[in-house]
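What TrEMBL says about this one:
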type: DOMAIN; residues: 87-203; note: domain 'Ribose-phosphate pyrophosphokinase N-terminal'
type: DOMAIN; residues: 240-324; note: domain 'Phosphoribosyltransferase'
type: REGION; residues: 1-28; note: region 'Disordered'
Amino acid sequence: MRGVALQSGAEAGSLSKRPRLAQPGPLRRAHQVRCVALPTPVGHRHGGANGAAPAGKPVLEVPGWESAPRVEAEPALRAGPVELPRLKVFSGTANQGLAQEVAHYLGLELGTIKIKRFADGEIYVQIKESIRGCDVFLIQPTSPPVNDNLMELLVMIDACRRASARTITPVIPYYGYARADRKTQGRESIAAKLTANLLTEAGADRVLAMDLHSGQCVGYFDIPVDHVYGDVVLLDYLASKRIANGDLVVVSPDVGGVARARAFAKKLNDAPLAIVDKRRSAHNISNVMNLIGDVKGKVAVLVDDMIDTAGTISNAAKALQDHG
């Protein structure tokens with residue numbers, strides 16, 4: 001058995017008397033590799049009269065290898081412009097008009113999706129186009145019927161996850177069960193947390209919600225939440241009415257919404273604040289007890305986050321009229 005050693009050009013030059021060619025430019029310092037013969041270890045000789053190959057002859061010799069032109073190694077391919085992830089917007093059946101307007105504003109077409117219900121009420125969802133590696137946004141408020149729309153959203157998320165979407169973001173303008181954000185009595189469910197868990201386990205990567213019932217709902221999620229507010233539209237509308245600062249008062253329809261109304265009043269040049277003191281005898285039934293603040297002769301702006309039966313807003317408006 002014969003050994004083969006790889007030696008650099010500097011070392012191989014001592015074994016060969018051939019003149020070295022000058023190498024061009026950046027390869028001048030590059031190392032040349034040659035195959036040279038090594039002595040065969042004793043006990044491992046094969047072939048030949050004495051079991052050894054002729055001394056000094058390379059095991060592998062390529063004719064004219066020294067005089068062959070040097071090929072400069074190509075530089076590493078530079079990374080071209082990174083293609084941004086594709087954006088896909090899909091709509092559930094809760095508010096297709098809103099989803100169409102959002103897609104039009106973004107300059108996109110709504111994604112093709114098939115949603116149907118079986119005779120027993122089960123929901124079937126199929127994404128009709130490839131969304132592999134895409135950032136998917138699902139616009140589906142959980143408005144009435146809240147249970148059907150929520151389940152439809154969960155099935156949509158699951159379908160997108162199984163279609164290998166890069167990220168899945170449910171856009172929920174109306175977040176159902178948000179009012180059940182705490183326990184006011186014993187043995188009550190905190191359904192806002194349960195809904196957050198369902199969205200997370202279905203496969204959502206982040207949630208975009210609007211005007212949540214309370215800020216603590218954001219903390220119920222184990223994924224990022226983008227909590228946006230729609231008061232910008234209302235502020236622009238009120239600004240267009242040219243109402244004098246002293247003629248405007250912001251009113252909270254209940255004590256629980258004071259912080260929300262105060263924040264809104266600050267955006268209106270720190271307008272004065274009034275509070276309607278109400279009592280609930282049962283769910284969806286409220287009675288106005290007192291009015292705190294001066295509203296006589298002023299333009300009252302009622303600020304609330306949710307209107308279900310409109311009982312709270314209607315009773316508050318009646319109390320404001322009674323106080324001038």
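Cβ atoms here come from the backbone N, Cα and C positions, even for glycine.
Automatic, uncurated: that is what TrEMBL annotation is.
Note that the structure is predicted; figures quoted are calculated from it, not measured.
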Residue distribution over DSSP helix, strand and coil in the domain 'Ribose-phosphate pyrophosphokinase N-terminal' (87-203): 40 helix, 26 strand, 51 coil
Per-residue pLDDT averaged over the domain 'Phosphoribosyltransferase' (240-324), given as an integer: 86
Composition by DSSP (helix, strand, coil) of residues within the domain 'Phosphoribosyltransferase' (240-324): 28 helix, 27 strand, 30 coil
